[in-house]
Amino acid sequence: MAFKIFEFISFIFLTFILLAPIGHAKRSTPSHKTSSPFDFINKLKGCHKGNNTKEIHKLKAYLEKFGYLKYENKTHATDDDFDDILESAIKTYQKNYHIKPSGIVDDETISKMQAPRCGVPDIVNGTNYMHPRNMKHEPGSSNIHTVSHFSFIEGNPRWPSSKTHLTYRFLPNFPPNAMEPVARAFQKWDSSTHFTFARAQTNQNADLVIGFHSGDHGDGSPFDGRGGTLAHAFPPTNGRFHYDADERWSIGAVEGAFDLESIALHEIGHLLGLGHSSVNAAIMYSGIGSGLTKSLHADDIAGIRALYNR
Ligand SMILES: *[C@@H]1O[C@H](CO)[C@@H](O)[C@H](O)[C@H]1NC(C)=O
Ligand SMILES: *[C@@H]1O[C@H](CO)[C@@H](O)[C@H](O)[C@H]1NC(C)=O
Ligand SMILES: *[C@@H]1O[C@H](CO)[C@@H](O)[C@H](O)[C@H]1NC(C)=O
Ligand SMILES: [Zn+2]
Ligand SMILES: [Zn+2]
């Protein structure tokens, strides 16, 4: 019992020191009612083709950001017309998230779209689904009963086959207490794949570089304040992985905060070449809720094996 209480106190203490340096940006916001950059989607409840509602251009921007839309004519990208292209993008989104592809902004679609998520697009130019591409399917193989829903990044970028040991380093502004959760995430990928990872010595070059950034930070994928997108990472062999510094971060499951290690597991998947999975329980699913932890799933491991032919 005493040990449990001690554990609990250390946990609270850790959470406090962790949130202190990172979560300062929006301290004045009451924590019980936090707004999200995705809140506008609520106002579009029930919208369908033919509607012309004030916030529709934001829905177009949202779907373009995550890969579902690509207007040739920029006028249509920024107007509030619910046109054929938008309807088709919503249907593709709904198929990816196992929602009936009605093309209507219904409750289920709103609830998925509003969830905090990774900033990496699900697909490219609205042309495909979150399924493996360019893969040889072998119907006679022993995997015939395995339904996998992992995906690769467009063009299947990956590390050269000789490069199985990857080093990582933290940017100078990285909170020291957030390093251990990231190290644990690397350890988990290390023990489940053919990759090995090690932290590079200070001042050494590293394959992977991890940092905290806020708003527009110069890589073409600005963060959006509290809520909305939480983190993103670039495909092989770029190596950059960024946390949104405006989120509330935690070590482990803490109500209203996002678990550093779970998000690191997800972003490392991108660093290795995985795209988003349509399996809810997979770490490569685009959304990760607050107040919970997730771990690697068979679908994630199957994705790495397929990408690297292991
Ligand atoms: C969408 O259009 C229909 C008519 O087709 C209308 O009844 C409805 O109020 C509109 N919805 C919104 C949110 O504007
Ligand atoms: C874009 O759409 C607008 C409105 O329909 C139209 O007036 C304009 O000519 C289009 N531009 C191009 C380049 O097609
Ligand atoms: C997506 O669209 C852009 C611009 O239209 C084009 O340059 C790019 O090649 C497209 N990508 C794919 C994978 O189709
Ligand atoms: Zn992602
Ligand atoms: Zn970034």
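Even glycines carry a Cβ here, placed using N, Cα and C.
Remember, it's a predicted structure, so these values are computed and weren't measured experimentally.
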52-83, 116-147, 212-243 - the range that TrEMBL marks as motif 'Cysteine switch': 116-147
Structural state of His270 (Zn(2+) 2 binding site), classified by DSSP into three states: helix
Residues flanking the Zn(2+) 1 site, with Cβ no more than 8 Å from the Cβ centroid of His217, Asp219, His232, His242 and excluding those residues themselves: Gly119, Gly211, His213, Gly218, Ser221, Pro222, Phe223, Arg240
Spatial neighbours of His270 (Zn(2+) 2 binding site) among the binding-site residues His217, Asp224, His232, His242 [C-alpha, 10 Å]: His232
Among Cys118, His217, Gly225, His232, Glu247, Met284, the binding-site residues whose C-beta sits under 6 Å from ligand 4: Cys118
Environment of Asp224, Gly225, Asp244, Glu247, the listed Ca(2+) 3 site - residues of the same chain whose CB lies within 8 A of the CB centroid: Pro37, Ser214, Gly215, Phe223, Arg226, Gly227, Gly228, Thr229, Leu230, Ala245, Asp246
